[in-house]
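In Swiss-Prot this protein carries:
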- 159-180: compositional bias 'Polar residues' (COMPBIAS)
- 182-203: compositional bias 'Low complexity' (COMPBIAS)
- 33-81: domain 'LysM' (DOMAIN)
- Asn173: N-linked glycosylation site (CARBOHYD)
- Asn193: N-linked glycosylation site (CARBOHYD)
- 148-203: region 'Disordered' (REGION)
- 1-21: signal peptide (SIGNAL)
Amino acid sequence: MGLFRIDFLALWLLLLRLATAAAPVPTKDGFCFKYIIQGYDTCALIAKAHGITEADIESFNKNTWAWLGCGRLYQGDFICLSTGKPPMPMALPQATCGPQVPGTTRPANWANLAGMNPCAESKCCAFWGQCGVTDIYCQNCRAPPAGPTATVKGATEAPKSQTSSNTKAGGANQSVNTAAGSKPTSNPNSKSNTTTVKATKITTITKSSTTTKAKAAPEPSVSQSPWTAPWEITLYSKMGCEGDYYHLEGYNKEFLDNKGCLNLHGGLNSKFTETGVTCKWWTDDGFTWSSCDSSKLMKPQSWILKNGYCSAFMFD
């Protein structure tokens, strides 16, 4: 009986040890243990599943790209669950600026990360990797505090009131000149034909100037419409979100078939659009892309989903 109790206690201790997750450790080359944030993740759940604390997560990610703290986690982001060098952020197929442009290599100095692939002068790089001048681009709440601050010009101004004033002033001067020119007309000795010619000439100049000023169109202002994030799904050829991948994003169901299912090889548009569905096939570690029709991958092994829901079904 005593032996049975000892064996039972040993089994219980073994199960308890197995149930307690071992804390993640850095890789052999000094990088932190990388974790991909999933839907509905919280720091509390992540910490419990990996045998660490929320304070550990905050500490490990002080230098992680776009880290805003445990209160603001973004699905699909890479974070650290151990000490070590932070990972490069996930490449975004539609990115044209910042470190998430596909093919961007890790900088020798991590402090230079935010300045990689900069926008043209006077434009800001938004956290989703595109350039613009409106507040949604320039109030980049996800850029690390140490990153460079973009210099932004104000919105295009409407025609200044000075131009209007000059027009009025010009008109006033001409009125004065007209009045001054009309003084000789009050002289009975002046010839009527001379007066008529002068009045006509002044009137013509005034009308021409006024008409030209009135037709000047105001400069177009920058649209302030809010940016709407599309749903995105990235399907990888290997486990752990590695290898070649499909990247799809969209706003509506215009390109879905009658069964409500996306056809990866159904001629989906490969150019970015703000209204439809886009599909690209990325190869060579994200350096090159082609249409999804050119891929032969039929069974993706892992995926990342943003701004949407995913359901998996088993079938024969």
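Including glycine, each Cβ sits where the backbone N, Cα and C put it.
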Average model confidence [pLDDT] within the domain 'LysM' (33-81): 92
Secondary structure content of the domain 'LysM' (33-81), with strand meaning DSSP E or B: 15 helix, 6 strand, 28 coil
